[in-house]
Amino acid sequence: MTNLPIRFQEVLQLTNLGIGSNSIGFSTLTMESEKYICIRETTPDDKNNVVIIDTDNPSQILRKQMKTDAAIMNPKEPILALKIGQVLQLISIEQKMQLKSCQMQEPLEFWKWISPNTLALVTATSVFHWTKEGNSDPVKVFDRHPDLQNTEIINYRSDSTQNWLVLVAIHQRDGRVVGRIQLYSVEKQISQSIEGHAACFANYIVPGATRPSTLFAISSRTQNASKILVLEVSKGDGPNFQKRASDVFYPPEIGASDFPVAMQVSEKYEVIYMVTKLGYIHLFDLGTANLIYRNRISNENIFVTAFEESTNGIIAVNRKGQVLSVSIDDKNIIPYICNTLNNLELAISMACKNNLPGAEGLLTTQFERYFQQGQYKEAAKVAADSPGSILRNLQTIQKFQSIPPIPDQPSALLQYFGMLLEKGKLNKVESLELVRPVLAQGKKPILEKWLTEDKLECSEQLGDEVRPHDRKLALSIYYRANASDKVITLFAETGEFDKIIAYCKKFNYKPDFMFLLQRMANANPMGAADFAVKLVKEEGGPYIDANQVVELFSARNMIQETSNFLFAILDGDRPQDANLQTKLLEINLLHAPQNADAIMGGQKFTHYNRLRIGGLCEKAGLYQRALEHYTDLADIKRVLSHAGHMVNQEFLVSYFGSLNPEDRMECMRDFLRTNPRQNLQLVVAIAVSYSDQITPEAIIAMFESFRLYEGLYLYLTQVVVTSTSPEVHFKYIEAAAKINQFKEVERMCRDSNYYDPEKTRDFLKEAKLPDQLPLIIVCDRYEFISDLTNYLYKNNLSKYIEAYVQKINPVNTPLVVGALLDLDCQEDYLRNLIMSVRNMCPADSLVEQVEKRNRLKLLLPWLEARVAEGNIEPAIHNALAKIYIDSNKNPEAFLLHNQFYDSKVVGKYCEKRDPYLSFVAYKRGLCDYELIEVTNKNTLFKNQARYLVERQDPDLWAYVLSDQNEYKRSLIDQVVQTALPESTNATEVSATVKAFMDANLPNELIELLEKIVLEGKEFKTAKELQNLLILTAIRADKSRVTDYINRLDNFDGSKLAPIAIESQLYEEAFFMYKKFQFNVEAIDVLITHIGSIERAHDFAERCNQTEVYSKLGVAQLKAEMVKECIESFIKANDTEHYQEVVAAAERKDEYEDLVKFLQMCRKKIKEPAIESELIFAYAKVNKLAEMEDFINSPNSAHIQVVGDRCFENGLYEAAKVLYTNISNFSRLTSCLVKLGQYQAAVDAARKANSTKTWKEVSAACIDAKEFRLAQVCGINIIVHGDELEELIRQYEDRGYFNELISLLESGLASERAHVGMFTELAILYSKYKEEKLMEHLKLFYSRLNVPKVIKACQANQQWPQLTYLYIHYDEHDNAIQTMINHSIEAWDHVLFKETIPKVAKLDLYYSAISFYLEEQPLLINDLLSVLSPRIDHTRAVTLIRSLGHLPLVKPYLVSAQDQNVAALNEALNELYVEEEDYESLRSSIDANSNFGTIALAQKLEKHELLEFRRIAAYLYKKNNRWAQSVELSKKDKLYKDAIQSASDSKNPAIGEELLQYFVDQQNNSAFAACLYTCYDFLKPDAVIELAWRNNILNYSFPYLIQYVKEYTTKVDQLVDDFKARQKKTEEEKEQQNIESSQYQPDLTNLSYGYAATGGMLALPPAVGYQQQQQPQQMYNPNQMMGGFQQNYNQYGGF
């Protein structure tokens, strides 16, 4: 089931959850959605429970004990509806409370949730809707149709808008289940009864539409047909949906018991799921009603289903308790539709709409086909609809760009982009390609519109394209595309630095912390290091570059802090930290090598500068670390030469893995060159470890160059086990042989499958080993038997030859014998050798080898010995046969009686020696084709013919009788003359005849058959042979047919006559039929083939058979001989062709004769069609009295149909009689209208009560100006909304406006008055009686189609009425716009104020402000008070300012200032300045900070009033412009303000300048006050100098005394701190000396390459590196950070 188009699974098994099978049924189980299943169950102890199962959590079953008649769960929420008697309740399960209840007046028969908010209730007579919100009772929606009375309701559905409803019921009739559906329109309030079993609604977007239509799907199974029907009940904004229908297949074996029970629609896939009672699932395409898939999903009856939203499928429950889920399989549905259904159009449509895989090739092919055919619009549509980027890519765009433009037509590329924009959003590539030409043409508004509608995918590249044209637009694109760098760049270019900061905070952009860090490094180095670590490691960071921190610390010689910082931030091993890792290791190698070694040993860092660190390691004596870091071969050789013996061998083997193969080989050669014996084991170990990298060939060459075969053997011993290289295996064999490891040579030759056999063979020959077994093994394995035999024979090693054939491989004895024969070995030796092998030698090969050399007789003793032993091998007997044939030793007897030789082999051997013996051998072995060939070559045709007759092989006959056989004629002669006449076997004769037939030899077959049938005696009366003879003559020699018919009597004429007809032997066929009394067939030949109706008439007269007359009548009918054919049919009493006769009579207008014929037919059969035609014939011949008598008598005629025919043929009087007879008042009305009887027509129309009839009479009365009667008709028409527009058009086209208005006004009193009537009357008032329009709108507004009336008012420029409609239709934007544009007629201030807050388009606020400022300026503040909460104050103030009315709106500005908007604040401040209201200005500044403070200060500092200049100084101080603030205060002699500004600045320069000013002004009090206020930042030396120079020390003493007191306190604190630190340092040094004295290293007991303690290398320092002698310390990696200070002290610091 992996390739099915559906996913099918069992969701739950209710019986496994403890639900009894008696509780699983339609009356006890409900499922309104996939979420809940609700069950009423009765326990064994008669307790009633309601069980609620949440399918998402089926293990948590909610079981409530309650007695209820029915229960149903809300599809979405945990709300339970209960029915107890006629009381309904809604209960919230979560809140455990009753939400609402009601009492039904009638018993409830069915209920269902049609939405999460509405519960539908069905009683015996009506349908109600009950909403779960509020306290309302159920509301009646419609009455049940009479057709649904006494039926069982099984379903109730609604569309998404609840404008269409459908009620589904079933009942029993004639032993089958009949379905009945009531479709109800809420808008039209009408019902329709339809036959059907299941129905549903769906929203569907018709191609070419943007708004969906509502489709209604219905499935039914009647006694005659089973169908599914899809039709449109509510139209969208596109073309009409064409009704679709499809047959539904039900397996014949299930009978009439199955029928549809439910239908669900997946609007995503546009698929209808239909489920039948017996468990069949049908999937139909919604748009075409075509069947997609059908299968059985349940063997039990399914009784309830629901739509499964999670999978867009269907969920169902069967009687067994299985909860089943069926949905579309996204992966398989499209391949299934393509491959199984072969519906490529549906596959493409579904794939495009749902982005499903499987149709890529179809789409591409379709696109290419359209494109190549020049159908670019269709190609563009295919590309636009295609999913993903299959076609929506750059290549497609380039294809459309390459199309040359066509004059006066839009380009193909433009059409393509237009379709893409209609489809939705463009992708990145499409957006770029579309924007480029738009920008080139300067059409920025279009681009802005697309961005507003989200039609383009924003990207950085798109922003780059837009940026040269519009930076603001590019900024918007960058922002949407998250191109932060470009956003920051644009902000910087425009000087919007505040926005940069805000953007950085929002998107975690890094500010510059370097300045702060520099200041901290000078004051608190350790604190700076900690802070730097936090900046780098902080979440969301790093906020600062670590390299810059290192440079900063290093420049200040903060070594310890740098090391601590680096070790703290380097948590992971990242490539970007390479410089930092290098710096960390460099510091420690220079000052603490042990720590560096520990760090490198932890392998925490790998990205540092390895060359730099390697050199430092070598200088520090860490040779192993140096080797790990060096990559240059010269460096490596240097270290190995100086300290190779001090490095561990295991490390060296491992280390060699880091070298490239060339360097590795160079080092190994150095080892072997300097001391091969000492270094051999090391080199072998290295070679084995890195054999694959160096390649075995290179290593072998290296060992061979030093002639170290022992080393080569040791190396290959390790490698050969896993190697598949032929060279490796050969070299191993060679090395083993050279060091005399012969057993290993033998083992490898036997076990290895990889060495080169020829090369190994040649080596072993040349080596001349003491034992030839390895050579024998190689030659035997690789079939070098001839070489082996030559080598052994020429070297006199015969014992190895005998041992080989006798013990090692006797099977190869033939090859050995052949080789020895070629060497002219003695025959006695060969016979003895062969006999010693006996039957172990294969006979066929031995015979072949000997026979090739013409020495076959050599084997005769051996062959006869084998036969004597009972050997039955064909090769042995073949050889004996050949020997006997050559020696002529009674060969024919041997060939006839020996059963074991191969006939083909021996026959072939005899062909040139004795052809007859070859024939004997071939015949014995049934070698057909060989026998044919040898007899053809040797003209043995008689033997061949007898063999063929006896053989009876059709294939063989076909072979010899083919045209390619040049001996065919000779063979046929022998068969006809000798072989077949000799045969008395009927089977042989039959096989031979059949062979001639199959070979298509008709003349030869006739010759053969005449020989057998006409001349022979035994087969003369054979019926089959007579038939065959005549048949062959028909096909081969037509002239003989008549003679054969006369001479032969035992043939089958009924079978041969049709064949004769096929061969156009019509007279012969007629003669055959006539000879054997087949009269019907005979006349048929005369009519059909000979074409003589006259001969046929004479023949019929002679025969006088009814069947013959029937045939004749049919022929006459076809010949349009109407009178004659009617006569013939009457004689034949044949009514079968009455329809054709009627049609012919109508064509010839022979109704008089037709009446006779139909009267004859009516006597024989009572067919409604015959009686109907008889009535019409009466009407045509104007026999109305006979017609009326006939229709009043019992009859089964279709009087309605006949009446319609009479009406169509203008026989109105006859039609009137017929319609009156059947009371068809609708058609009767039409007749009366044609006859001009209008009053009678109105009376008949009233009885018909049909809209169509009323329309017909109305139109006739209007044309006849019978307005009273027309109004009677119109009253019955206008109540139908669909007909109203046409009726209005009829009146208006004829200019009867008053009559039309009178008609509609009279119709408003009707109970059936609808929206359309009120609407159309309003439109008529608008057109013709404007004075009545407003009154009509106010009285009947709620019953109007407002958009339609709005359109009429617009067309007729009725602005007050239009404004009224806009407001009541909630189109407040249009209402405001109308009042603004047409203020003289439509504006009303109160109405305007009430409406303006409700508008959606914000631009209207500002249009309203402009409107009021221009036309109603005194009411502007009243308007602004309403708009204030909603408008952009900045924009509003800018607008008012531009119009010059700022003072007019001061009340608005004051009331809105709490919003703290810059433009608003600045405008109000401007007004305060103009009004010289400094108090209000100061209050405004303090309360609101959002305005241009500097600009205002600059403006105020020149103001003539002091208080405004003081405010300017205050503003400078608030903006940290201390110097300007102080200077302004000094000018106005506001010394207190100046001193306070200087104090707030904390700037010593400003303070000193102010002191100097007071000294210059000799204002000593102000000088002292300034010292007191600015004490914390003034420098004492400057203060003392200034006071001393101006002789005012007394005024400075308070400052000096306070400063001395503070300074001495700080010095005392520093002295105490220094003493404490000194004491602590001494204690640490003492402890350090104690630890150093406890350990003395033993330098005499060192391991190979490593010190005995701690594993550190104990080597002298490198040349040129002066290392200070310090006691060696025990290293503890866990205390590394704590030990930094100690190591710094040991190495003397930095």
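Glycine too: its Cβ is placed from the backbone N, Cα and C atoms.
Listed in Swiss-Prot for this protein:
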- 1610-1640: coiled coil (COILED)
- 1-478: region 'Globular terminal domain' (REGION)
- 23-67: region 'WD40-like repeat 1' (REGION)
- 68-107: region 'WD40-like repeat 2' (REGION)
- 108-149: region 'WD40-like repeat 3' (REGION)
- 150-195: region 'WD40-like repeat 4' (REGION)
- 196-256: region 'WD40-like repeat 5' (REGION)
- 257-300: region 'WD40-like repeat 6' (REGION)
- 301-329: region 'WD40-like repeat 7' (REGION)
- 479-522: region 'Flexible linker' (REGION)
- 523-1694: region 'Heavy chain arm' (REGION)
- 1214-1523: region 'Involved in binding clathrin light chain' (REGION)
- 1551-1694: region 'Trimerization' (REGION)
- 537-681: repeat 'CHCR 1' (REPEAT)
- 834-973: repeat 'CHCR 3' (REPEAT)
- 980-1125: repeat 'CHCR 4' (REPEAT)
- 1275-1421: repeat 'CHCR 6' (REPEAT)
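Counting same-chain residues at least six beyond the ends of the region 'WD40-like repeat 2' (68-107), those with a Cβ under 8 angstroms from any Cβ of the stretch are 30, 32-33, 35-38, 40, 48, 50, 52, 62, 113, 115-116, 119, 121, 123-126, 130, 132, 134-135, 137-138, 306. Beyond the region 'WD40-like repeat 7' (301-329), the same-chain residues lying 6 or more positions past its ends with a Cβ under 8 Å from any Cβ of the stretch are 4-15, 19, 21, 24-26, 29-34, 37, 55, 75, 261-262, 264-266, 268-269, 271, 273, 275-279, 281, 283. Long-range contacts of the region 'WD40-like repeat 3' (108-149) within the same chain, counting only residues at least 6 positions beyond its ends with a Cβ under 8 Å from a Cβ of the stretch, are 32, 70, 72, 74-77, 79, 81, 83, 86, 88, 90, 99-100, 102, 155-158, 162, 165, 167, 169, 180, 182, 184, 186, 189, 191, 193.
A Cβ distance under 8 Å defines the sequence-distant neighbours of the region 'WD40-like repeat 1' (23-67), meaning residues of its chain 6+ beyond its ends; these are 11-12, 14-15, 17, 73-76, 78, 80, 82, 84, 93, 112-113, 154, 303-310, 315, 317, 319-321, 323.
For the region 'WD40-like repeat 1' (23-67), the model's pLDDT averages out at 91. Here the repeat 'CHCR 6' (1275-1421) is broken down by DSSP into helix, strand and coil counts: 119 helix, 0 strand, 28 coil.
Across the region 'WD40-like repeat 7' (301-329), DSSP helix (H, G, I), strand (E, B) and coil residues number 0 helix, 20 strand, 9 coil. In terms of DSSP helix, strand and coil, the region 'WD40-like repeat 3' (108-149) has 3 helix, 25 strand, 14 coil.
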